[in-house]
Amino acid sequence: MTSLRAFFDDEAHDFPAHERPAAVGSPASPSHKAGTRLAHLAVGVLVGTTAGLGAALISADLVQVRQVLGLSPIQAAWLSTSYVAAAVPANLLLIKVRQQYGLRRFTLGALCLYAGAALAQAWVTDIAAMLLLRAIAGFVSVTLIPLCLFHTTQAFPTKWRLRGLVLGIGITQCAVPLARLLSPLLLGVDGWRSLFLLEAGLALLSLAAVGVLRLPPAERARVFEPLDLLTCVLLGGALTAIAAALGLGRFEGWLRTQWIVITLLAAPPVMLAAGVIEVRRATPLIDLRWLAHGDVWRFAAAVFLIRLVLAEQEIALGAMRGLGARPYELESLAAVMFASAITGVLVSTMSVNVEKIARPMMLAIGIVAVAALVDSAATEPRHLARLYASQAAIAFAGTFFLGPALLLGITSALRQGSGALISFIVLFGVVNALGALAGPALLGSYMDWRLAAGAAEEAARYDTMRLAAALGLVTTLYLAVLLLLRIRRRLAELRAEGGSSTPSKEEVPAAGSGWTQPPVVPVIGAIMAALAIGGIMLILAAFGRV
C-alpha cells in the first residue's frame with residue numbers, strides 16, 4: 001500500500017531557486033543526464049502524438065468516417081465537435097486541479113480515464129453514447145498537451161528549455177497530417193473501431209511511459225475557491241455553447257436553427273457576467289485585467305486569424321479530389337504534408353529567438369497566403385503537382401508559427417507572475433480550439449453560400465481559396481503592424497536605459513539539486529509493462545496485425 005501511494009505522489013525535494021518551477025503545478029527544472037533527457041523526449045513525442053490524434057483521427061477524414069458509421073452530416077459534425085467543445089471549458093478547470101491535487105496524481109488519473117474512454121468507444125455503437133465518450137475524451141485530453149510540454153522541456157539543457165516548449169506544442173500539431181495518412185488505412189481494416197483501438201493503445205502506452213519516467217516534483221497549493229466553480233459554470237458553459245454553434249452552424253443553418261440563435265445571443269451576456277465576477281475578486285480564476293492588456297488581445301487575434309487561414313487545407317483537399325486525384329496520390333500528399341509539418345517543427349525549434357518572435361509568425365502566414373493563392377489557380381489535372389508544393393508549404397507554416405506564438409505570450413506572462421501565466425495558458429488553449437472550429441465554419445459557410453447563389457461547385461471552391469488567401473494577406477499585414485509596435489517599444493526601452501547599463505558580471509553556474517529518478521518498484525514495473533504490452537496489442541489490432 002505504501003509503494004502504491006508513493007507511485008501516485010510526488011516525492012518532496014528541496015530545489016534551489018533556479019530550478020524551481022515558474023508556477024505551482026508545474027515540474028521543477030533540474031539538470032538531467034543525456035540518457036534521461038532522451039527518455040523525456042521519447043515520452044513527450046508519445047504523449048503529444050496521443051493528444052493530437054485524439055481529435056485528428058475523426059476530423060481528418062470526416063466524410064469517410066461518416067460513411068463507415070452510417071451517420072448523417074449533422075451527426076458526424078457532432079462527433080468531431082463534441083470532442084473540441086468539451087476541451088474548451090476544461091482549460092479553465094483542470095489547471096487548478098493539477099495545482100491543488102498534484103501533478104503526478106493528476107496526469108496518471110487523466111491518462112487512465114482517457115484510455116478507458118477511447119477503449120469504450122471501440123465497442124459502442126449507439127451514437128448518443130459515442131458522443132458522451134467523445135466529450136469525456138476531449139475534456140481529459142486537455143491534460144495531455146501540458147504533459148507533453150513538461151516532458152519535452154525536460155529533454156533540453158536548462159539554457160534551451162524554451163526550445164522544448166516549441167518542440168512540444170509542434171508535436172501535437174503534427175498529428176493532423178499524420179491522421180490524414182493513417183485514417184484511410186485504419187478505416188479499411190476494421191472501420192471506425194480501428195481508429196479508437198489505436199487511440200486506446202497509444203493512451204495505454206503513454207500511461208505506462210509516464211508511470212515509469214517521473215517528472216521532477218511539482219509544488220502544490222490550495223488554490224480552489226468557491227467562486228471558481230461559478231466562473232467555470234458561466235464562462236465554461238458559454239464557451240462550450242459557442243464551440244458547439246461553430247461546429248454545427250454550417251450544417252444546421254446559422255439563423256435557421258433555434259438553439260444556435262439562442263446560443264449566439266445568450267453567450268456574450270453570460271461571459272460578461274463571469275467577467276464582472278472575476279474582476280471583483282482578489283484572487284481570480286483568470287486575470288482579466290492582464291488579459292485586457294492590448295498586447296495580449298492583439299496576440300490572441302493573430303493566433304485566431306492564423307487558425308482561420310489554415311482551414312484552407314480542407315478546401316484544397318476537396319479541390320484535389322475534384323481534379324481527379326487518385327487514392328494513392330492523396331496518400332502520397334498526406335505523407336508529404338506530414339514530412340513538411342515535422343520539418344516546420346524542427347526548424348522552429350532550432351531557430352526560435354525570444355527577441356524576434358513576431359517575424360516567424362509573419363513569415364508563416366505569408367507562406368500560407370501565397371500558397372492559398374497558388375491553390376486557387378490550380379484548375380486543371382496537370383496542376384496537381386503544384387498543389388503538392390503549396391500544401392507542403394502550408395503544412396510547414398502551420399507548425400512553424402505555433403511555437404513562436406506560444407513563446408510570444410509566455411514571455412509576456414512570465415513578467416507578470418504565475419497568475420498571468422495561467423491566464424495565458426487558458427487563453428491560448430481556448431483561442432486555438434475556437435479558431436480550429438471557426439476556420440472550417442467560415443470557409444465552409446462561404447462555399448455553401450456561393451453554391452446557393454448558383455455558382456458551380458468547382459467555382460465556389462476556388463472562390464473560397466481566394467478568400468483564404470485574402471485573409472492570409474490581411475493577417476500578414478496585421479502581424480507586420482504588431483512587429484513594428486514591438487520594435488518601437490524596444491527602441492523606447494533602449495532610449496530609457498540610456499548609458500546607465502553596467503558591464504554584466506560573468507555568471508557562475510549555480511549548484512544543482514542533485515535530484516534523480518527514484519527506482520521503480522518491481523510490482524509497479526510489472527503493472528506498467530503489462531499496460532505497455534496491452535497498448536502495443538491494441539495498436540497492432542488497429543492495423544489488423546493480430
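Note that Cβ sites are derived from N, Cα and C of the backbone, with glycine treated the same way.
Per TrEMBL, the features are as follows:
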DOMAIN    40-490  domain 'Major facilitator superfamily (MFS) profile'
TRANSMEM  38-60  transmembrane segment
TRANSMEM  72-94  transmembrane segment
TRANSMEM  106-124  transmembrane segment
TRANSMEM  130-150  transmembrane segment
TRANSMEM  227-247  transmembrane segment
TRANSMEM  259-279  transmembrane segment
TRANSMEM  330-349  transmembrane segment
TRANSMEM  361-379  transmembrane segment
TRANSMEM  385-408  transmembrane segment
TRANSMEM  420-447  transmembrane segment
TRANSMEM  467-485  transmembrane segment
TRANSMEM  520-543  transmembrane segment
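Here the transmembrane segment (467-485) does not touch the transmembrane segment (72-94). Their Cβ atoms form fewer than 3 pairs under 8 Å, with each pair 6 or more residues apart. With a cut-off of 8 Å between Cβ atoms, the residues of this chain six or more beyond the transmembrane segment (330-349) that come close are 163, 166-167, 170-171, 173-174, 176-178, 180-181, 184, 317, 320-321, 360, 387-388, 391-393, 395-404. Packing against the transmembrane segment (72-94) from elsewhere in the chain are residues 54-55, 58-59, 62-63, 65-66, 106, 110, 127, 130-131, 134-143, 231-232, 235-237, 239-240, 243-244, 246-248, 250-252, 285-286, 425-426, 429-430, 433-434, 436-437: each is 6 or more residues past its ends and has a CB under 8 Å from a CB in it. Beyond its flanks by at least six residues, the transmembrane segment (385-408) meets 162, 165-167, 169-170, 173-174, 176-177, 299, 302-303, 306, 310, 312-313, 316-317, 319-320, 323, 333, 336-345, 347-349, 352, 354, 357-358, 360-361, 363-365, 367-368, 370-372, 374-375, 378, 428 of its own chain at Cβ-Cβ distances under 8 Å.
Here the domain 'Major facilitator superfamily (MFS) profile' (40-490) has a mean pLDDT of 85 out of 100. Contacts between the transmembrane segment (227-247) and the transmembrane segment (420-447): present, as 3 or more C-beta pairs lie under 8 angstroms, all at sequence separation of six or more. Long-range contacts of the transmembrane segment (361-379) within the same chain: residues 302, 305-306, 309-310, 312, 315-316, 319, 323, 386-387, 389-391, 393-394, 396-398, 400-401, 404-405, 408, 458, 462-463, 465-466, 468-469, 471-473, 475-476, 479-480, 483, each at least 6 residues beyond the stretch ends and with a Cβ under 8 Å from a Cβ of the stretch.
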